[in-house]
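Noted in Swiss-Prot for the protein shown:
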type	residues	note
BINDING	C10, C13, C32, C35	Zn(2+) binding site
BINDING	P141, T142, G143, S144, G145, K146, T147, L148	ATP binding site
COMPBIAS	61-75	compositional bias 'Polar residues'
DOMAIN	1-51	domain 'ClpX-type ZB'
REGION	53-75	region 'Disordered'
Amino acid sequence: MAKFEAHLKCSFCGKSQEQVRKLIAGPGVYICDECIDLCNEILDEELLENPSKVKDGNDSKIPTSASTVSKPAPTLSSIPKPIEIKSFLDNQVVGQEDAKKILSVAVYNHYKRLAWQGSETNEIDLHTTKLHKSNILLIGPTGSGKTLLAQTLAELLDVPFAVADATTLTEAGYVGEDVENILLRLLQKSDMDVELAQRGIIYIDEIDKIARKSENPSITRDVSGEGVQQALLKMLEGTIANVPPQGGRKHPYQDSIQIDTSQILFICGGAFVGLEDIVQKRLGRNSIGFMTNDNRGKSRKSNDLPKNQVLNNLEPDDLVRYGLIPEFIGRMPVSAVLEPLDVDALEAILQEPRDAVIKQFITLMSMDNVKLTFEENAIKSIAKEAFRRKTGARALRGIVEELMLELMYKLPSQDEIKNCSVTQAMVEAITGGKIVPLPPSDKRATKESA
């Protein structure tokens, strides 16, 4: 053993143990005190050239809020009022008036709470009262605008925004993603700025897919249902979470970043297919024994409700019957129901929002010096086809992509064509499974397709 120790040497400079004052051993590697001093000099020179790389603490591998210049915390005067928030949402999202009002008030109160904790409110002696955050649950069919609402809010408030898919989450120790990976996405959107991430918004999509399989507590392990709900509880309520910067499963021995989730606004969304039936069943449940005229009238009234209005009578017990645990529902005190989009709403979505699908394609074609127009009847036909496909606003882009394929393929090569009009006949041909060929160029300045 003594013979082996005599031949120890620095893995970097090659000097033996006898030639240096100190030789520090690591897993299969050695470094001497001289190389350590040299490393320190290199780091000091780099920090002098670029002071923004200075980090708090001794561990420079862990990103902290001091690694970049954080945006200032919101102040009461800088937070848009609920009416202003809704007005901004109106520019991006068509319809869903009730949901937009609920979101506007909830988001305003959340960021007012953050500002209340800052210096601007120190003049008001209200700090004896602790304000708790109110996370939001969005319930609505696919393509009704749940994700878009959350994205638009984050854009308005200029805060980091991350989207997570609840279907990929599992309990710790099982194949899948840990719930802490949700926070990692937000941290990455914040350029690893912890302070900025702690004021962000997280949207968890498909939250209805982690409902437990039955109303009763599960006897066996439900690692992607009730187990995930249990794992999310503390994060939703507010806790100091340890987030692995490279993901927890593949790098188990890395250092963690601590994030306080008490200031992060969580918005959960899901389609909750079948929830209407649960509400309808509760509303129309017959009384035991003889029915009075009052009860008979209420039962008849509940059965006459249109399907899109049934969820307006939603109660927490209905969500429990669907499969969410009471503790999870309690941490989502604000809920908003989004209505299914009808043909008129889909028609408006095609044209009115700032980033409407038709506006996008008009811009694309203008880059080829072609003025693109859509006839009114063509727009109505697109909306009707999207309604028939039952995937909400998401169907609109797919239909227009199909419609524009032949035009976008040939028009860039036909410089003489400066105008192009999309007609109802073109839409009906596409929706009927046919492809309308683009006529060969005849040197006209305007081309009408029919």
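Including glycine, each Cβ sits where the backbone N, Cα and C put it.
A Cα-Cα distance of 60 Å separates G143 (ATP binding site) from C35 (Zn(2+) binding site). The DSSP secondary structure for C32 (Zn(2+) binding site) is strand. The binding-site residues in question are P141, G143, and the one with the fewest Cβ neighbours inside 10 Å is P141. Across the structure, K146 (ATP binding site) and C13 (Zn(2+) binding site) are spaced 59 Å apart at their Cα atoms. When the Cα of C10 (Zn(2+) binding site) is compared against those of the binding-site residues P141, T142, S144, G145, T147, the shortest separation belongs to T147. Per-class residue totals from DSSP over the domain 'ClpX-type ZB' (1-51), listed helix then strand then coil: 26 helix, 10 strand, 15 coil.
Scoring each of the binding-site residues (C13, C32, C35) by how many neighbouring Cβ atoms lie within 10 Å, the top position goes to C32. Same-chain neighbours of the Zn(2+) site beyond C10, C13, C32, C35, judged by a C-beta within 8 angstroms of the site's C-beta center, are, in sequence order, S11, F12, G14, K15, V20, L23, Y30, I31, D33, E34, I36.
If you count neighbouring Cβ atoms within 10 Å for each of the binding-site residues T142, S144, T147, the highest count belongs to S144.
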